[in-house]
Amino acid sequence: MAAPSSRPESNPPLYKQALDFALDVANGRHALSKLIPPALFLVDALLCGLIIWKVPYTEIDWAAYMEQVSQILSGERDYTKVRGGTGPLVYPAAHVYIYTGLYHLTDEGRNILLAQQLFAGLYMVTLAVVMGCYWQAKAPPYLFPLLTLSKRLHSIFVLRCFNDCFAVLFLWLAIFFFQRRNWQAGALLYTLGLGVKMTLLLSLPAVGIVLFLGSGSFVTTLQLVATMGLVQILIGVPFLAHYPTEYLSRAFELSRQFFFKWTVNWRFVGEEIFLSKGFALTLLALHVLVLGIFITTRWIKPARKSLVQLISPVLLAGKPPLTVPEHRAAARDVTPRYIMTTILSANAVGLLFARSLHYQFYAYVAWSTPFLLWRAGLHPVLVYLLWAVHEWAWNVFPSTPASSAVVVGVLGVTVAGVWFGAREEWEPGMKSSSKKEEAAMR
């Protein structure tokens, strides 16, 4: 009987091999995947230089910042009397210190080119930190191009020199150190960012939960919170010592009036509704409600107790909410991905229900959206599509009803998607799928 002939296995078509190779690199399954972040970083550095060279600088707030610093250097300590061309000083004291340094470095603000170069460096440092956070959270490499492609984000940093750039850097540095379980450094950096701009208050509930669950000790958590409060006091001492009420009312003003002509997010509701007190209260109520849903059903899950069970021992018996073994078990579930998902989702919830977003607020959106859309479980094509639509909406000037509806819509999809799609990140018993996914990527 003749032996069956053995045919050599044919190789897959060349296009199939190329596609498999590209998918392996994009999903982190190839050694070349590690080259994607540094390659994109270098390209973006060149792009920043090209923008400074070719695109005219846009004056918005820089001159006002310099005028305000000049008044403070002249001895003014009453925040209600410090004004610039675009209005009063409404930022905490860390903003003043940073722009005082820039005031001296840039010849009292006159050397705009040097200021742009400094902000380009600030952008690159922030981008490096963001990439480090993404890598630590095991985000797939195909997300990284989205970190470098935003026209609006480059404009915020390199062409407009907003103080949001520093606040965003401190926020990402805090996430970076939290992921490495350096709670003291992370808490310090976060509160410094809050000292630049109070927009970082949006992520404060999540930061508090991350510190509580991750530090492994209720006492340590209280110490960290006390340190953050003390830093805020020390930052404001030159102003608190003379005009405390004026400083607090301006630097952390929560009742500020917003102009309909500048809104990026709520133009589609019309000016009458936008300016109404009922609309403001509705947004506040929705913000609190959705935050409560995330806290009770997602963020505190590593504690393996309900919110009532956590609070009751503290209020009724003065005892820590978790025993030492319980706290250690919870801390093990506070992974780099949990930290990033929790803090960025809190930020997204706050931005979704914000009374009014201006164009510079995209600095808090641009680098978080790709990660959150991925955590929502969306297909990469949908991630790129939603990112592109959102980017378009933030580049429409002035905003239109259509563009503002897109801004709110994508934020809504992001928040809802994370709540539904990333639930395993907060469920102690559902992490096996995440670990398998990470193993497949690396």
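Glycine residues also receive a Cβ, built from the backbone N, Cα and C atoms like all the rest.
For 1-34, 106-111, 177-198, 242-272, 355-376, 423-442, the entry in Swiss-Prot reads topological domain 'Lumenal', with the evidence type sequence analysis. According to Swiss-Prot, the feature topological domain 'Cytoplasmic' maps to 56-84, 133-155, 294-333, 398-401. Sequence annotations record features per position, and here Swiss-Prot assigns transmembrane segment to 35-55, 85-105, 112-132, 156-176, 199-219, 221-241, 273-293, 334-354, 377-397, 402-422 based on sequence analysis.
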CB contact flag for the transmembrane segment (35-55) and the transmembrane segment (112-132), at least three pairs under 8 A: yes
Residue counts (helix, strand, coil, in that order) that DSSP gives for the topological domain 'Lumenal' (242-272): 16 helix, 0 strand, 15 coil
Helix, strand and coil totals (DSSP H, G, I; E, B; other) for the topological domain 'Lumenal' (177-198): 16 helix, 0 strand, 6 coil
Other parts of the chain folded back onto the transmembrane segment (377-397), taken as Cβ under 8 Å at six or more residues beyond its ends: 26, 140, 142-143, 146, 149-152, 264, 359, 362, 365-366, 369-370, 403-404, 406-407, 410, 413-414, 417, 420-422
The transmembrane segment (334-354) versus listed stretches 85-105, 112-132, 199-219, 273-293: most Cβ pairs under 8 Å: 199-219
Intrachain residues whose Cβ lies under 8 Å of the topological domain 'Lumenal' (242-272), provided they are six or more past its termini: 77-80, 88-93, 198, 236, 279, 354-359, 361, 393-394, 398-405, 407-408, 411
Segment-segment contact (the transmembrane segment (221-241); the transmembrane segment (85-105)) at 3 or more Cβ pairs under 8 Å: yes
